[in-house]
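Quick look at what Swiss-Prot annotates:
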type	residues	note
TOPO_DOM	2-104	topological domain 'Cytoplasmic'
REGION	82-94	region 'Interaction with CAVIN3'
TOPO_DOM	126-178	topological domain 'Cytoplasmic'
REGION	131-142	region 'Interacts with SPRY1, SPRY2, SPRY3 and SPRY4'
LIPID	CYS133	S-palmitoyl cysteine
LIPID	CYS143	S-palmitoyl cysteine
LIPID	CYS156	S-palmitoyl cysteine
REGION	167-178	region 'Interacts with SPRY1, SPRY2, SPRY3 and SPRY4'
Amino acid sequence: MSGGKYVDAEGLLYSVPSRDQGNIYKPHNKTMADDLPEKQLYDAHTKEIDLVNRDPKHLNDDVVKIDFEDVIAEPEGTHSFDGIWKASFTTFTVTKYWFYRLLSALLGIPLALLWGIYFAILSFLHIWAVVPCIRSYLIEIQCISRVYSICIHTFCDPLFEAIGKVFSNIRATVQKEI
């Protein structure tokens, strides 16, 4: 089989691989591609948004999922007319639905802009200020921690060891008096 040539799906002519890993001149051929998992890279700015499930991480499950029954309830024995109850339900639901849409139409884009700027600033400060300060602090504190450790081992360890030996000889007996 060595010395044979074949054409792959892309129309390239090359010799039959003489190794299990594939042809060294084209290492990512089909036999190797099955062995090596390839990661597909996606740009975060071009991802598609889901117009049906707009809360995929369930951020607002407990907070703003308010229905008519969560706000208005009539206890047993105190009921209004059925027509009033149905009209109240419809009024509440439709008002909440359309007023939310109106507010999101008026304020959604400006607030998205403000929150985008805020989180961009927050990310920038975290990446370029907070993390470097913490890393710098940890590097500087290592020197102090070594000196502190030497002082503890030099002065405190013998003192506490001596106190431990003194108190290790104390014996207590408990007697129950009747």
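Positions of Cβ are set from backbone N, Cα and C atoms, glycine also.
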**Prompt:** To the nearest whole angstrom, what is the C-alpha distance linking CYS133 (S-palmitoyl cysteine) and CYS143 (S-palmitoyl cysteine)?
**Reply:** 16
**Intrachain C-beta neighbours of CYS156 (S-palmitoyl cysteine), sequence separation six or more, cut-off 8 angstroms** = none
**Prompt:** Can you tell me the mean pLDDT for the topological domain 'Cytoplasmic' (2-104)?
**Reply:** 74
**Fill in**
Cβ density check for CYS133 (S-palmitoyl cysteine), other Cβ within 10 Å (all protein chains) comes to 10
**Assigned conformation of CYS133 (S-palmitoyl cysteine) - DSSP reduced to three states** = helix
**Prompt:** If you draw a 10 Å sphere around the Cβ of CYS143 (S-palmitoyl cysteine), how many other Cβ atoms fall inside it, taking every protein chain shown into account?
**Reply:** 9
